[in-house]
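Asks: Got a structure for you, questions after.
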Amino acid sequence: MHLKTLTVRGFKSFASATTFEFEPGVTAVVGPNGSGKSNVVDALAWVMGEQGAKSLRGGKMEDVIFAGTAGRAPLGRAHVSLTIDNADGALPIEYSEVTISRTLFRSGGSEYAINGRPCRLLDIQELLSDSGLGREMHVIVGQGQLDRILHATPEERRGFVEEASGVLKHRRRKERTLRKLEAMQANLDRLEDLTAEIRRQLTPLGRQARTARRAQRIQHDVRDARARLLADDLVQARTSLAVDEDAERRLRAERAEAEQALDTGRARQADVEARAARATPALNAARDTWYQLTAVQERYRSLASLAAERRRLLGGAAEPPDPGRDPDRLDAQAARTREEQRQLLEQVEDAVDALAEAIQEREDAEAAARDQDGVVTGLLRAAADRREGTARLTGAVAAARSRVEAAENELSRLHTTHADAGRRRVQAGTEADSLALAAQDAANAAERARARHEQDAEAAAGARAAAREAEAAAQELLRAHDAQRARAETLRAALRQPDGSAAVLDGHADAVLGAVVDLVDVEPGWERAVTAAMGPFAEALTVRSHGAAVSVFESLRADGVGRVHLLVAAGAPGRSGPAPALPDRPGVRPAAAVLRDGAGEGAGPGDDDNRRGADAVRSLLAATVLTEDAATAARIVADRPELTAVTRGGDVFTGSSAWGGAAEAAGTLETRAAAEAAEAERAELAAALDRARAASGAAAAARDAARRAAEETAGLLRAAERTADRAASELSRVRAVLDSAEAETRRYDEQVAAAREHLAREQERLREAAERLGAAEEHGEEDTETVQLEAAARRDELHRAATTARTAETEARLALRSLEEQARALGNRAASQERAAAAERRAREEAERRARRRRIQARNAEAVLAGAEQLLELVAASAAVAAAERDRAEAVRAGLDAELTDLRAANDRLAARLAGLTDSVHRDELARTQQRARIQALEDRSLEELGLTPDALVEHYGPHLLIPDPDPDLDPGAGSDRGPGAPQDDARAGTAPAAAEAGQDALFGVASGDPAETAGGAPYVRAQQEARLRRAEKELASLGRVNPLALEEFAALEERHRFLAEQLEDLKRSRQDLRSIIRDVDEHVERVFAEAYADTAREFEGVFATLFPGGEGRLRLTDPTDMLSTGIDVEARPAGKKIKRLSLLSGGERSLTAIALLVAIFKARPSPFYVMDEVEAALDDRNLGRLLSIFRQLQETSQLIIITHQKRTMEIADALYGVAMRGDGVTTVIGQRLAELR
């Protein structure tokens, strides 16, 4: 086994992929310091599982990734792969060649692989540890490794030996096993606690199971008794239904006879109605004709009145036109204004010419003055000029003449451009004035449109507000209406009897006259007093007799639907019966005086029943008086103890008692009065709601109309604003053109002035040069003082003339500006007058058209009036004829209506009789429906409560069957002292399922076998079964709360306790097995370490003697009695020294001692390869030779990779790799097999 290749990429300084091919012998890696040689060693350690960043000479593991240089970007990952030749099978894997690889990403993730397949770091470490390559990396001796070995503790030195002997893997497995034992102990403790807790829970749950079994047996009796009572109810209800159905059939036959008589009467009524219907079209036609002629008469009368009024209005004189706005006169004024403007424009042209003459005169005067200045200056310079050569002066004159000609050409061009700009300015000014007037007109129109739109918008806002208010009012009324309706419904619902009254009204309609609250009405304000006086009878029912009361009470008791208070009408005196004498005092009234007969909604069809019921109520209140206050009531009962006095507020006083105080809940009478008041208020609110909705609809229509008007004016406003904006925009554009033209004119004025000044300067220079040349040629050397004085006087005179010319030019400019402004104002006035004339002319034309229309309309109105008067006479005659025909048809119809009235009265009597019979049939149908509903309810109870069909219920539990004797196995009292026992009592714990299975048929209510075959038993007695049911329910209630799941929970908990106990035993056995494995591992580790230590100690003595001739070195154990944890100490004594402590040795001796220890381990337990990083750097030549001899010995059994600077070390190598650092900070490698060179 040996290393074949090492591929590094992105690892430290190896930015690019670099591959090392190692030889089986010695491979030396050489290169200058800092070139990356040691990075090869770090790569080997890292790929074999090194996890310490400091061992790799870094601060954190991310430091192994290529960090980049100035010329190369950093990489995102480091990858190293190592290929090992496993032809000898040293690695426990079925491959002759093994490649392990490791990748680290800058994000922190890592990947490991063996032969390209992903694996764990632990898999790589265990694979290598089997061949003596452990995590201590003793086979890789890096820089500083020797010193670390010397300073290692005895226990750390022991680790080197253990790693070489391959026992570290067993020690790590032992550590993992011990951790598992610790975790197992925690689970074991928890399991024991859980088992004890379940054992404590079993006892109370057993008691609950016994209670549940007893409750199960009692529930059997409850179910059986309830089923028999329910079957009895069902049989009785079906029998009663059959009897009542026979009576209903007889009543239906009587109703059929009444229907036949009513059909005959209705046939006669239909015949008369048909004749009346045939007479109706003629009557309607006569009436329609009369109505139409009357309407036509009224329409023509209105038309004649309208035509007369139209004739009167159109006959007036039209409004004359305004004489002050004659369009012809306005046109004449505009023409005169245009003429004045033309004359002013002519004056403007004269002023322009005058300005040009003034400018020319000013320029001439200034030129003459400048010329004279030049003469004077020339005379002053004559003396100097005479000293200059005439040739230079001649050249200066020619140059000055050329510049003067160029300036004159530029001035002529500027004059032409200035004139063009002036014309554009005048044209733009005229257009701007015209557009200003148009923009003003557009702005005025927009302002008028805006005012109208604002008015419409305000109207629309008012309409919207009115619509919102109307809608809000309607919504408020709707809410009030709904609230009042809900209140009325609530009060009506409160009137429904909560006791057995409803059942009595439904089942005893013939015996009951009605509810007290329906038989009488109470005077408003006395409802609370009457309710208090009647006491519980305020919500009572009135029956015909005491026998009816007995029947009602028996029915209520049989149905179990509650209690009811009854008034008996048979025992009440009539209206004329005797009444007790009542006190005659102010504010005291008999209670019966505030009562009125009611509508009798709950009574029969006859009024006599209502009267009898009301008499019963009055009889109840015969000895009761009503007062306004409690003091009066107290005085009354003090004088007359037999009376009862009740105040308006509901306080009741008798001769021996009184009750009252704060207002209680409203009674039935008061509730009914409140319900009627609420219903009346709801009707008023409904009418108000209809009116509010109509008002809301009208407001919404007005709102929509106002909105449409506002939208229309908004459109007009937007159009006017767009017109105004376009006019303003056009005016702005023209004004911008005017401003540009004026600015251009001013710019050209400045340029002309500058050109003139430049021309003047150049002319002056030309004149000076010519004068200087002439003076130089003319005077020579003569004295020119007199000439200079005369020239100076002439110069002053010319300057005064130039000043006068400039003043005249300014005045001419001002006159021109004034004339231009006047001409522009006249042009604007003429344009305004022309527009006014055109507008007036259009107005007069429109007035003429209106006058023509009025004359035509007046003639039309005259013709309409004449025609309407003629038609009125004809329509009046036709209307008289139509009235006579209408009267005749109405007489015929009246006779038919009288006959029809008699027939309808007879049919109504028949219909009333039929309605009474129909009501009786309906009541019977309702009673039958209620009976069927009661039967259905009983059948539903049978299915829901017992799970039996009605037929099965009657078949197995009907009253015709005998009651079987009690089964002792199902006796609730039997075995009450037994039940689920302790968890360990399996026999007693199993009694619950057996008992449940034994009574399963009885518990589900199904008889086992034919009832006729049931031996023994007693006849059915309802009272006995009711007593049996009450007794069983009482016993069931005495049990208290019963856990119905106790039996199942007890069985499940007992099973869980058994399971946990078994698991606990399994855990204890597993713990014993693990402890046995640990003992076996300790024995194996102790044996292997003892053998490895003995071999290493022996080899150390030999290697030390080789490296230190004459010296003595040995290894010793720190605790020979404990081979599992003892450390290893090193004793070294070089020749000639008595010291044994390593710290007293020299640097070279310390290195050799460390090398001796490592080589001893290597030889005792050889490894396939060794990596050494500059281990011989501190050795002299002699000791280096001794070390190389050791290397030759190791070379025979192992592969050596040596990082070195020593030439002698390189000489023993079989292959050589040179490592260098390029300029960009990246390591490069070259290799050479030395055998090829030898």
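Any Cβ shown, glycine's included, is placed from N, Cα and C.
Quick paste of what TrEMBL says about this protein:
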BINDING   Pro32, Asn33, Gly34, Ser35, Gly36, Lys37, Ser38, Asn39  ATP binding site
COILED    167-201  coiled coil
COILED    241-268  coiled coil
REGION    315-343  region 'Disordered'
COMPBIAS  322-343  compositional bias 'Basic and acidic residues'
DOMAIN    510-637  domain 'SMC hinge'
REGION    764-787  region 'Disordered'
COMPBIAS  764-778  compositional bias 'Basic and acidic residues'
REGION    825-844  region 'Disordered'
REGION    960-996  region 'Disordered'
COILED    1022-1084  coiled coil
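I would like each feature placed in context: is it buried or exposed, what are its neighbours, and how far apart are things?
Replies: Around the Cβ of Asn39 (ATP binding site), a 10 Å sphere holds 21 further Cβ atoms from the protein chains shown.
Note on the coiled coil (241-268): mean pLDDT across this stretch is 83.
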Asks: Sort out the residues at least 6 away from either end of the region 'Disordered' (825-844), same chain, that have Cβ-Cβ distances under 8 Å to it, and list them.
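Replies: Same-chain residues near the region 'Disordered' (825-844) but 6 or more away: 321-322, 325-328, 330-331, 333-334, 337-338, 340-341, 344, 430, 433-434, 437.
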Asks: For each of Pro32, Gly34, Gly36, count the other CB atoms within 10 A of its CB; which of these binding-site residues has the top count?
Replies: Gly36
Asks: Taking DSSP states H, G and I as helix and E and B as strand, how many residues of the compositional bias 'Basic and acidic residues' (322-343) are helix, strand and coil?
Replies: 20 helix, 0 strand, 2 coil
Asks: Going along the chain, which residues at least six beyond the ends of the coiled coil (167-201) come within the CB cut-off of under 8 Å?
Replies: 126, 129-130, 134-136, 159, 983, 1053, 1056-1057, 1060-1061, 1063-1064, 1067-1068, 1070-1071, 1074-1075, 1077-1078, 1081-1082, 1084-1085, 1088-1089, 1092
Asks: List, in sequence order, the residues of the same chain other than Pro32, Asn33, Gly34, Ser35, Gly36, Lys37, Ser38, Asn39 whose Cβ lies within 8 Å of the centroid of the Cβ atoms of the recorded ATP site.
Replies: Ser13, Gly31, Val1219, Met1221, Thr1227
Asks: For Asn39 (ATP binding site), which of the three DSSP-derived states applies: helix, strand, or coil?
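Replies: In three-state terms, Asn39 (ATP binding site) counts as helix.
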Asks: When you scan the chain for residues with a C-beta under 8 Å from the compositional bias 'Basic and acidic residues' (322-343), skipping those not six or more beyond its ends, what do you find?
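Replies: Long-range Cβ neighbours of the compositional bias 'Basic and acidic residues' (322-343): 823, 826-827, 829-831, 833-834, 836-838, 840-841, 844.
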Asks: Near the Cβ of Ser35 (ATP binding site), how many other Cβ atoms are there if near means within 10 Å?
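Replies: Taking every protein chain into account, the count is 19.
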Asks: Name, in the order they occur in the sequence, the residues of the same chain whose CB lies under 8 A from the CB of Lys37 (ATP binding site) and which sit 6 or more residues away.
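Replies: Listed in sequence order, they are Val29, Val30, Gly31, Asp1173, Ile1203, Val1219.
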Asks: For Ser38 (ATP binding site), what is the tally of other C-beta atoms lying within 10 angstroms of its C-beta?
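Replies: Cβ-Cβ neighbours of Ser38 (ATP binding site) within 10 Å number 20.
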Asks: For the region 'Disordered' (825-844), what does DSSP give as the number of helix, strand and coil residues?
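Replies: When I sort the residues of the region 'Disordered' (825-844) into the three classes, I find 20 helix, 0 strand, 0 coil.
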Asks: I want to check the contact list for Asn33 (ATP binding site): same chain, sequence separation of six or more, C-beta distance under 8 angstroms. What comes out?
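Replies: In sequence order there is nothing to list, since no residue at least 6 apart has its Cβ under 8 Å from Asn33 (ATP binding site).
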